[in-house]
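What TrEMBL records for this protein:
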| type | residues | note |
| --- | --- | --- |
| TRANSMEM | 12-28 | transmembrane segment |
| TRANSMEM | 40-64 | transmembrane segment |
| TRANSMEM | 85-114 | transmembrane segment |
| TRANSMEM | 134-156 | transmembrane segment |
| TRANSMEM | 176-200 | transmembrane segment |
| TRANSMEM | 212-236 | transmembrane segment |
| TRANSMEM | 248-274 | transmembrane segment |
| TRANSMEM | 294-327 | transmembrane segment |
| TRANSMEM | 339-361 | transmembrane segment |
| TRANSMEM | 381-399 | transmembrane segment |
| TRANSMEM | 420-441 | transmembrane segment |
Amino acid sequence: MKTHEQWTSKLGFILAAAGSAIGLGAIWKFPYMAGTNGGAIFFLLFILLTVFVGAPILIAEFLIGRNTQKDAITAYRKLAPGTKWHLLGTAGVVFSFILLSFYSVVGGWILSYLGRSVTGSLSNADYGQLFTDIIANPLEVVICQFIFIIMTIMVVKGGVQKGIERASKYMMPALFLLFVVLAIRSLTLEGAAAGVEFLLKPDFSAMTPETILLALGQAFFTLSVGISVMVTYASYLGKSENIVKSAFSVAGLNILICFLAGIVIFPAVFALGFEPGHGPGLVFVVLPAVFNELAFGGLFLFIFLVLLLFATLTSAFSILEIVVAALVKDEKEKRVKIAWISGILIFLVGVPSALSFGVFSDVQIFGKSIFDAADFLVSNIGLPLGALFISLFVGYRLPRKLVKEELLLGSNGMGFFFDIWYFSIRYVAPIAITVVFLQSIGLI
Ligand code: PHE
């Protein structure tokens, strides 16, 4: 039987979309990317690119999904029958597959930490060493990655309403509150000011084409745009909601969480004598040290890890959801089986990434570890190119009238905004992405 589910409420949709957006990108990746790429200048570029390029594309993805009420591949087929545009959906599914394969590795690290926080072995440790040991331990990383994938499958197989929406409703606000507490603690450490300056006072000389590409990739990554994940989520959204407001709520929340993550991490980095350019271990090394400085730190660290796990899971749900939705095609009875099969395949594809910090640490692909290569392929090639084609699709292929009507549904008079947005989707976004992309690979 074919039925297409719907979110039960507007808040449910925003929370689920924000749940997809807010995850490792904001909390784990943003601090270390900013840390290795000039701090404030990276943050500034990230905000500008989120507002002027990422958010317009988020609106475009919402529009495609809500208008068609279809999975990522069928949506393009329905809007542009008889053309090759459906390949854009297929590419989204393939990149999502690769994305979840390494995303789940980091999800696994969180589980490792969580296990240790229960046994109390996280207080007063040498956190740098601990992190290196954990990620190099083949059995531990693979088992934890596996558990993370199973948790993702368990929710996604039940469908969006039952699983995804309910989980997001409570976890997101709790995460936010704990972040505020942490920020206060971090800011009141002695020597914190240097970290605030690092995050907020841009040094323009640190800006290179590479920094701009990385910031663009980061903007797309945290907003979950470019691979039609948001097309899929918006397909469950009813016609009475306004997608522009939803998109700006998601983008705003996302920037806020990145800011909070930065304001928790960097003051602590400087105050406690760590290096901002520490790389992917930054959050895992610095945060336990901040908790050590708190009363009841062990307990708070445990709570934080649980919330981080949920933020990561809610993003993972959305990534698996696009794959599952595209294969299930509203034939509900297939859902459980497809969720299991695709989840397990993703796990298998991800095992080399999981091992790339230990047994496979010598394997290099274009000078990068397997994990970094997979991340680069998705974040800096798949997402920008996908976003480029999505902007061209909505800006040039779809009739302006259809686009305008869909965008204005549920609003009272936003005609002016439509013109600005339409301009950015037709010109600003495609030109910006093309220039940044070509520059970074050295073609212009
Ligand atoms: N936005 C998610 C995060 O920041 C990652 C993601 C990217 C999810 C692309 C879906 C699609 O963690």
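Don't overthink the numbers, they just go from 1 along the chain as shown.
Cβ atoms are placed via backbone N, Cα and C, with glycine included.
Residues 30, 33-34, 75-76, 79, 197-204, 206-207, 211-212, 214-216, 218-220, 222-223, 225-226, 228-231, 234, 237, 243-244, 246-248, 250-251, 254-255, 258-259, 262, 387, 390-391, 393-394, 403, 406-407, 421, 424-425, 428-429, 432-433 of the same chain, all 6+ positions outside the transmembrane segment (40-64), place their C-beta atoms under 8 angstroms from a C-beta of that stretch. Counted over residue pairs 6 or more apart, the CB atoms of the transmembrane segment (12-28) and the transmembrane segment (176-200) come under 8 Å in fewer than three pairs, which marks the two as apart. When each of 176-200, 212-236, 294-327, 339-361, 420-441 is scored by its Cβ pairs under 8 Å to the transmembrane segment (248-274), the top-ranked stretch turns out to be 176-200. Remark: the transmembrane segment (339-361) makes no contact with the transmembrane segment (176-200), by the rule of 3 or more CB pairs under 8 A. The stretches the transmembrane segment (85-114) and the transmembrane segment (176-200) do not meet in space: the count of Cβ pairs below 8 angstroms, excluding pairs fewer than 6 apart in sequence, stays at fewer than three. Across the candidate stretches 176-200, 212-236, 381-399, the maximum count of CB pairs under 8 A to the transmembrane segment (294-327) is reached by 212-236.
For the transmembrane segment (212-236), the neighbouring stretch richest in Cβ pairs under 8 Å, chosen from 134-156, 176-200, 381-399, 420-441, is 381-399. Taking Cβ pairs closer than 8 Å, the transmembrane segment (176-200) reaches residues 34, 39-40, 43, 257, 260-272, 276, 287, 290, 293-294, 300, 303-304, 307 in its own chain, all 6 or more past its ends.
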